[in-house]
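> Here Swiss-Prot flags 396 as active site, proton donor, drawing on similarity to another entry. Among the features that Swiss-Prot reports, repeat 'PFTB 1' is placed at 68-110. The repeat 'PFTB 2' annotation in Swiss-Prot covers 417-459, and the record cites sequence analysis as its basis. The feature repeat 'PFTB 3' is assigned by Swiss-Prot to 485-525. Residues or ranges marked as repeat 'PFTB 4' by Swiss-Prot: 533-582. Look at Swiss-Prot and you will find 591-634 tagged as repeat 'PFTB 5'. Here Swiss-Prot flags 324, 506 as site 'Transition state stabilizer', drawing on similarity to another entry.
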């Protein structure tokens, strides 16, 4: 049921109805726990990843006909009926890179290019300039298939692997996702292999200008004058590569493989994300490594582990999110069982015991990851996002998982909490904030090189991640950590937007950032009448929709108004309500309207519906849809409101 936005919304909340909603949501979430105690939900990205998987199968001639037809069904469904291209998030504008890759993949699967949807897609691609305006990763695909020469890709010599940490363009100054992607890609770009392409499929019809006539493939965006400088250097330096001594070239190859192979990470794959795994598959084939070699075979298994295969459709995820899903699900269930009137206390204890056991087993305690380049004496103690990614734990997952273990309040969690606390403190950047995976990963000039047209080569501190770290440290309550917390709060104050919100680097967007920071401020003792808090509260109230909910589009990463969308969404409504309650506004009509919206939009099965994307990988380029968000965040918000209403308090007692 949707409320008429032109009418005054009734904010009367029936406690009986609230009780029923919370219990139904609890059951829906509890049933999804896996046998070993963890939760895992689908993590959908845009069409580029499934399209690239089809292209990878044809690059290597490892074609699964049934699978690729299911992926083709998915690609057809995701095609826009407005602009007939493919967006990079639900309901988004035409995107040239996604559209070129999806069209190419569909043609690979045998799609008739004269079918109406293919004709319209082709017309849209041509109207936007064709593949020469696509991003770097699309142009790499084109080069592999011979649709364009390797001159269409940025110059990335494998000798980059030899650069020491103190040199700006060292891989150690890149983000983890860039570092793991670049290492195999450097070898691929050097060897310039050609896809097997057994069906001999090509896409000349997409090029308004023949590829060999294109004068420049580097179109920006140029974020500073350095972008133009690096474009010139890219062209000027290429002829000199033949003068690189062969011994140095071989040494660079060895350095690349010495980096990659210890991090192959078994069936979880290099970096536990799709791009490094896919380039590793191409790299091993180009190096002449047989497919049955354990390195190549296991890497292929890791890639297949990202597939979501259903009856009619299939798609490939960019990665999986079990640690994140488990910690967030645990928080929601514990909130529902909190207090003397909590529901299912005994059952929840058993569910959380199993989740905590699983989390403790997945804490990274013995592997010194890449993060140590900036703090070599720091002892490991974090969690990764995926099942296994020991070289790359992140502070966000670590904070949320540790807060769950702390809330459980059992002796067996003490060592895990101590290791997590010390690791997070050691990961604080010099400006007081936290990046997700690295310390001081903020050499912005790197985002000006031609390879970084996505603008996400780095992992600088962000407000949302920093807020979670502050929340954990405040919750743990060690007096000696107060200077660390204060530096973090100072960083957050500097990062506040003019309208009172905070940027959401990993969740969409300013509503997510606002919720994250308000929770951290509350946990760390920032008064509810602090000017920063009041300004953020006013922001959240100003963007509440007439139906009582909140919604925000991924367009906000591209410059549109903060906190605005065409519909209210369960996850974002929950974030806004949680943020307002953390600022002492439990009795505010805005909170009540949000709670009413969540109650009214719950489905009969205890779940909520949410199709739009709710998170981001790389702003302006790559967005995500966490299918678990629509479940655990509404339950967390409703359960918290229920407890606060029953106890008559306006103070949130927990940090998350």
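Glycine too: its Cβ is placed from the backbone N, Cα and C atoms.
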> What Cα-Cα separation, expressed in whole Å, is found between residue 396 (active site, proton donor) and residue 506 (site 'Transition state stabilizer')?
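Per the Cα atoms, residue 396 (active site, proton donor) and residue 506 (site 'Transition state stabilizer') stand 10 Å apart.
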> Whole-number answer please: how many Å between the C-alpha atoms of residue 506 (site 'Transition state stabilizer') and residue 324 (site 'Transition state stabilizer')?
12
> A 10 Å Cβ contact count, applied to the recorded sites 324, 506: which residue has the minimum?
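Lowest Cβ count within 10 Å among the recorded sites (324, 506) is 506.
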> What parts of the chain pack near the repeat 'PFTB 1' (68-110), using Cβ distances under 8 Å and only residues at least 6 beyond its ends?
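Distant Cβ neighbours of the repeat 'PFTB 1' (68-110) are 46-48, 50-55, 57-58, 117-118, 120-125, 128-131, 133-135, 137-138, 141-142, 145, 199, 201, 203, 206, 309-310, 312-316, 553-555, 611-613, 621-623, 625.
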> Six or more residues beyond either end and a Cβ under 8 Å away: which residues meet both conditions relative to the repeat 'PFTB 5' (591-634)?
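Here the qualifying positions are 1-3, 9-13, 17-18, 21, 24-29, 32, 39, 41-46, 48, 88-92, 135, 318, 321, 325, 328-329, 331-332, 454-456, 504-509, 544, 547-551, 553-554, 557-558, 565, 567-578, 580-581, 585, 641.
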> The residue listed as 'active site, proton donor' has how many other Cβ neighbours within 10 Å of its own Cβ?
29
> Restricting to the repeat 'PFTB 2' (417-459), what is the model's mean pLDDT?
91
> Any idea what DSSP makes of residue 396 (active site, proton donor), helix, strand or coil?
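It is helical.
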> Could you give me the DSSP helix, strand and coil counts for the repeat 'PFTB 1' (68-110)?
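Once the DSSP states are binned, the repeat 'PFTB 1' (68-110) shows 24 helix, 0 strand, 19 coil.
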